[in-house]
């Protein structure tokens, strides 16, 4: 399939995992099962936090929106990925690529900000329990969620408009399974310097800085926990934030490895595997992390089952 260097392209070829043809069938069914579990698990969290009055607190308000974002985030990627795994020549129109990149950036950044808000909520609950209702009022936690979505909209809009105003001629093969920022930048026929700078700026602002804020919150939480006199009290306090800390390490660890690189041409198979992990696998883990070790959520599940069954 030849490329015309003088013609604006109207679609991209998503190379994805085509180099692993003998594994594509297994990968299809594996990703499909993970996607179904992700939808069911996160939908269950949304349902429980809506119908059970015991879960009507700021922490579970954040968790409900986090689950909504997880569902939308994976839905932006997985359905097309599954279709491409069954296609001999997976292509994506330019407009669809623009849309996918926009929502991928929007929900990814919103997730980072929501994790930061959840860390602040744990900090306020553990380090300032007497002032918790003041620090985490209804206006505060709804404002934090709104700011998280707004940050995602700003990031998605900025990235999408800048990247897709660049000329794309000639090469049209994206060495990835989705329209991500760096692989698409690589195909632009004009200078991508400002695009790379913008990507690095967004990464630092909405990934690295939130991660530092989370680390600072947990440093204060750890100091508070160590100051508790009894081991039972320390264990109880740590159990309230261990699930969130685990999710933070998973998401920010893989995201930082994937995006803290200035070169737009540094994408390879390793990066695809990292992206697959934090876009497909991690959202499936979150419902288990937040429910299996959380007595309030498991209690809500028992009450829900008793009510209907």
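Positions of Cβ are set from backbone N, Cα and C atoms, glycine also.
Taken from TrEMBL as is:
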type: DOMAIN; residues: 41-290; note: domain 'G-protein coupled receptors family 1 profile'
type: TRANSMEM; residues: 27-51; note: transmembrane segment
type: TRANSMEM; residues: 101-120; note: transmembrane segment
type: TRANSMEM; residues: 140-165; note: transmembrane segment
type: TRANSMEM; residues: 200-229; note: transmembrane segment
type: TRANSMEM; residues: 241-260; note: transmembrane segment
type: TRANSMEM; residues: 272-292; note: transmembrane segment
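Touching of the transmembrane segment (200-229) and the transmembrane segment (27-51) is ruled out by the presence of fewer than three CB pairs under 8 A, sequence neighbours closer than 6 excluded. If one looks beyond the transmembrane segment (27-51) by at least 6 residues along the same chain, the residues whose Cβ comes under 8 Å of a Cβ in the stretch are 17, 20, 60-61, 63-64, 67-68, 70-71, 74, 78, 81-82, 85-86, 280-281, 283-284, 286-288, 290-291, 297, 300-301, 304.
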